């Protein structure tokens with residue numbers, strides 16, 4: 001049976017689903033509620049499979065399956081985007097929101113069917129629930145999507161199936177089923193969007209910075225797949241392999257990724273990037289400031305490793321030490337959000353590409369820095385880094401960046417949404433940079449009353465809520481573009497629910513919390 005923390009986590013997700021659809025109730029609301037109910041029941045089956053070792057792939061063992069909270073993220077994002085763009089009168093992105101919601105529902109339903117199919121004996125009641133939910137979703141899609149949109153949804157599902165088989169086999173114990181749904185589902189959608197836009201580039205739709213994100217994400221993932229297959233047949237730790245790695249990275253980057261980007265933006269990507277980064281004096285100041293912060297983060301890593309004595313090689317960095325990086329990313333993102341969000345958008349994409357590339361160097365032990373990176377980063381490992389990859393710092397970057405990348409700029413005529421929607425780009429800063437950080441620090445140092453069934457404390461959660469409210473007040477003072485229009489009760493409810501979710505979830509909170517806070521702010 002599900003334990004109490006999972007039940008409370010599920011209850012919080014149900015409340016968020018009902019809150020969203022209390023604002024807007026339409027045909028997609030029935031689909032979302034049906035999906036949530038069946039995901040709750042299928043979560044029993046996934047957790048049992050993980051406990052008995054009956055899952056097809058090796059998943060992260062220190063957490064539950066997380067199917068329910070992960071299943072609802074993409075559908076709710078699509079529904080919230082649809083309503084925002086509908087109110088703004090942007091039909092193209094309203095339809096795009098419907099496609100996002102339908103894709104998320106179908107991918108989540110597919111993962112549920114997999115769990116039901118490999119459970120022995122076959123769970124009759126859960127099969128019936130999954131069948132009813134699937135019928136409702138497919139019936140709604142049949143009457144809502146055009147033929148081309150149905151094909152697009154099926155394309156994403158097909159990419160998801162293949163990516164899951166490849167990456168979950170190559171990267172055991174790196175994800176829970178829920179985290180795999182979020183990461184691989186999002187990656188499948190990005191890949192499909194890039195293929196679609198590459199084939200229809202004549203239409204001229206889209207901003208160059210959007211193309212930059214799509215090509216960068218797909219490029220680094222394909223680069224990793226290429227070297228993973230290659231190093232099956234050769235030792236990656238030799239100098240010859242390392243030289244080949246750097247040479248092929250340059251060849252693929254300059255010979256494939258750059259021409260691909262050139263086709264999409266119709267100009268030299270390197271010249272465009274240089275011109276974009278140094279277009280104004282404000283951008284030069286921000287880049288210099290971010291360079292200083294990056295050097296400070298590297299200094300923290302080197303200093304903590306220098307403190308590690310030779311007699312205590314198994315020493316790990318404390319929770320408070322790891323939260324230094326949360327403070328650094330808050331100091332990085334807040335000026336970018338206030339002064340130049342487009343620059344922050346591109347800088348986050350570049351940083352993600354660099355992080356993933358450095359992880360390849362560490363994972364494959366590429367000389368001359370591979371072994372050094374392994375030694376430096378091993379100090380900051382925690383129970384969530386149980387697989388061959390170290391992903392927590394990448395999840396932190398994604399959690400801060402996704403609200404910026406997913407902000408519906410085309411549906412915000414003045415560059416910002418009204419009401420609580422004005423805080424959407426700040427979702428990562430509030431949920432991860434402020435809330436999660438304060439909860440960890442105060443909970444670990446002064447917390448005494450623990451939430452039932454968890455290690456998280458009541459004091460940590462309350463101080464996290466209070467800190468986020470203060471942060472919202474500071475955003476109102478320093479960012480003149482934010483106008484909340486008296487939506488303070490909704491903001492308080494959103495922050496409180498997401499903070500409670502942080503206390504009870506065992507999934508990667510850096511990834512999950514900002515997305516749920518963004519959904520609530522967009523509602």
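Residue positions begin at 1 at the first shown residue.
Every residue, even glycine, has its Cβ placed from backbone N, Cα and C.
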Looking at 187-205, 244-262, which one does TrEMBL call transmembrane segment? 244-262
Are there three or more C-beta pairs under 8 angstroms joining the transmembrane segment (92-116) and the transmembrane segment (153-171), sequence spacing 6 or more? yes
Which of 122-141, 324-339, 345-365, 458-478 shares the most C-beta pairs under 8 angstroms with the transmembrane segment (386-406)? 345-365
Please check if the transmembrane segment (92-116) comes into contact with the transmembrane segment (324-339), where contact means 3 or more CB pairs closer than 8 Å and the residues in each pair are separated by 6 or more positions. no
Out of 12-41, 61-80, 122-141, 211-232, 324-339, which stretch touches the transmembrane segment (244-262) the most, going by CB pairs under 8 Å? 211-232
